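Colleague: As annotated by TrEMBL, domain 'THIF-type NAD/FAD binding fold' applies to 17-482. What TrEMBL records for C169, C172, C481, C484 is Zn(2+) binding site. The annotation domain 'Ubiquitin-activating enzyme SCCH' is assigned in TrEMBL to 190-420. As annotated by TrEMBL, region 'Disordered' applies to 305-354, 573-643. For 582-605, the entry in TrEMBL reads compositional bias 'Pro residues'.
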Amino acid sequence: MSKKTGTLKRNFHAEAVLGPELSARLPQTKVLLVGAGGIGCELLKNIVLAGFGHITLLDLDTIDLSNLNRQFLFRKKDVKQSKALVAAKTAAAFNPNVRITPIHGNIKEPQFDIAWFRGFDIVLNALDNLDARRHVNKMCLAANVPLVESGTAGYLGQVQPIVKDRTECFDCVPKPTPKTFPVCTIRSTPSQPIHCIVWAKSYLIPQLFGEDEDSGGELDEAEKQGENAQEIATLRKEAQAFKVVRSLLRTTTESGESDAAKRAFEKVFHSDILNLLSMADMWKSRAPPTPLEFDAIRKGTFKLDKDSAQTNGTSNANGSARNGSKSAPGNTAAPENTPNDSQAASTSKPSLKDQRALTLQDSLELFVSSTNKLAARLQAGEDTISFDKDDDDTLDFVTAASNLRSAAYGIAGKTRWEVKEMAGNIIPAIATTNAIISGLIVLQAFHLLRKSYNKLRNVHVQFKPTMPLSSISMSPANPDCGICRDTYTELLCDPSRVTLGEVVSGILGENTRDVSVYEDKRVLSDPDWDDNLERTLESLNVTRGKFLSIVDDDGEYETIQVGIGALPPNHSVDESSFILPNPLPSPPKKVKPAPPAPSTPPPPQSKKRPAPDDGEAPSAKRPRTVDDASFTPSKRRRLEDDGLILLDSADEVIDDDAVIVID
Ligand SMILES: Nc1ncnc2c1ncn2[C@@H]1O[C@H](COP(=O)(O)OP(=O)(O)OP(=O)(O)O)[C@@H](O)[C@H]1O
Ligand SMILES: [Zn+2]
């Protein structure tokens, strides 16, 4: 204790800062930390040193080499090991008074149900994707456990404390949807590097190395419908050619040599482009692409059509150089690789592999070598391969294929690093931002544990030298939020025995009314369609950890979210297959929205639908027109999330230009 001997006790400073009450409570505090990545490592260090007594650390991933620059609890020897396990082991040594329970798993697994979440005093999110963050938000609302939500993107970061009924939840403010591109831009008329990267990642990889999607039936159907026979014949030829290449990629040859890569190249960069060129109308107002020639590129004798290269290349090269690479560390000097660089193969200087501009010849060789590697993996037993930014073979393939396509369309090329950044939607992570955010998370956690709700703040780290931190007082929940405004309850049951009908009538009790029932975005029943009510939850794939949403069809009551939990271990199989919550949930009445204006035509009567195939749970995909009043926020949100377009009146016109999503 005395200064002389230098033996102040370990938590001397923490006690001074936190005060005796909270510091006495911390050793008993149970905290769940979800994510052991950039923020997670910093945060684990903070809460271990602060003395949070019982820490459960959960992460689904293993350590990647690229994590080591900032995830300082990991060393090179730990690469490929579980993040949660290694982080827990390293951090445990910082404070012997703390117990860390690592879990290598996905937070969405069924065993992490409401009862499990309820076992924590506080939850801290250190996640990197919306889906998992939304899930934890919902589980914390259901379990009534405070959550601190956080995220960083480069120099920017934010911390958001969430307490049910006191603050906004993670979903109160809509999040921007991922960027989308029209399918025809991706498939036929790319004009920017990103179009070619999305094509390679989301179209070509699945076609060559993904699941076999037989388009034959679809084309037969189109033919029957009387669609353009010539175009169908062309598509059939294209599909057939993919089949041949797919099977070549999966066939081992005796010599070990295969021309599968060359055949793939000739199909996508030569024949398909020739086919497109034959549709003359397409190229009236835009520069036509140039079919590439495998042997000529290899020999260095291939010449690109300068005109087309110039038309697309110049404008896009400038734009993409500025937009695409601003955040990549160290790549500002990376030369913009125009297609005409193919002539300068011999002048390309070797530099760091990832940041070197590729010539056309380089791209072709990389295409061949990566295709061969991926083919070898299929032959060795891998079922399907999809793009993963940390899988070198798929990254090489996407780098090569997108650069070849860019060359054919006169678009500027991209380095492997830039492709990784764009295809993997990578925002560079900055250790210092993670550290600042982690410190702020702990401060908000202290306010929550003390129940000092008036001290809670949403804090932002921003790129403003005059005010790098901004803190905003908490806003109340959004009254239209389809997540936190719902009424949560829990049903303990055996999903293999209890039926959907039993759950719905049990939960509604005496308040029988017209309802629709959802699981996530799937409609399981509605007032016109009761076929599933006799089925067990298990047969409808509604299992522990999931929610059934009971939505009042007249929009009079708030939605009831029924979390599915397990029966207690001592519950005998001879007893009832479920235990209802006590008391039953009583959702508040909603304030009715104003009736639609007289000019609005009434929605058409809904029609009874046929039951879906027995083996499969039904999907929510059905066209429907609605008036605002009949769709509760939760229902509207679920439908919109699912890509359904809600028409506010029957005569509203929709723009049906198909889009694909980069995730
Ligand atoms: N559903 C989930 N369940 C458990 N952990 C998850 C889930 N989704 C994401 N995570 C974890 O959240 C962490 C987020 O950390 P971070 O943003 O630093 O990502 P990273 O994968 O470590 O880095 P990078 O994406 O830059 O390679 C990751 O370790 C990831 O495995
Ligand atoms: Zn909300």
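Quick reminder: no glycine exception, Cβ is built from N, Cα and C everywhere.
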Colleague: Within 8 Å of the Cβ centre of C169, C172, C481, C484, which other residues of the chain have their Cβ, at the recorded Zn(2+) site?
Modeller: L141, E168, F170, D171, A477, N478, I483, R485
Colleague: Of all the binding-site residues here, C169, C172, C481, C484, which one's CB has the most other CB atoms within 10 A?
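Modeller: It comes out as C169.
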Colleague: Where does C169 (Zn(2+) binding site) sit by DSSP, helix, strand or coil?
Modeller: coil
Colleague: I'd like to know the mean pLDDT over the domain 'Ubiquitin-activating enzyme SCCH' (190-420).
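Modeller: Residues in the domain 'Ubiquitin-activating enzyme SCCH' (190-420) carry a mean pLDDT of 77 in this prediction.
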Colleague: State the three-class DSSP label for C481 (Zn(2+) binding site), counting H, G and I as helix, E and B as strand, and everything else as coil.
Modeller: coil
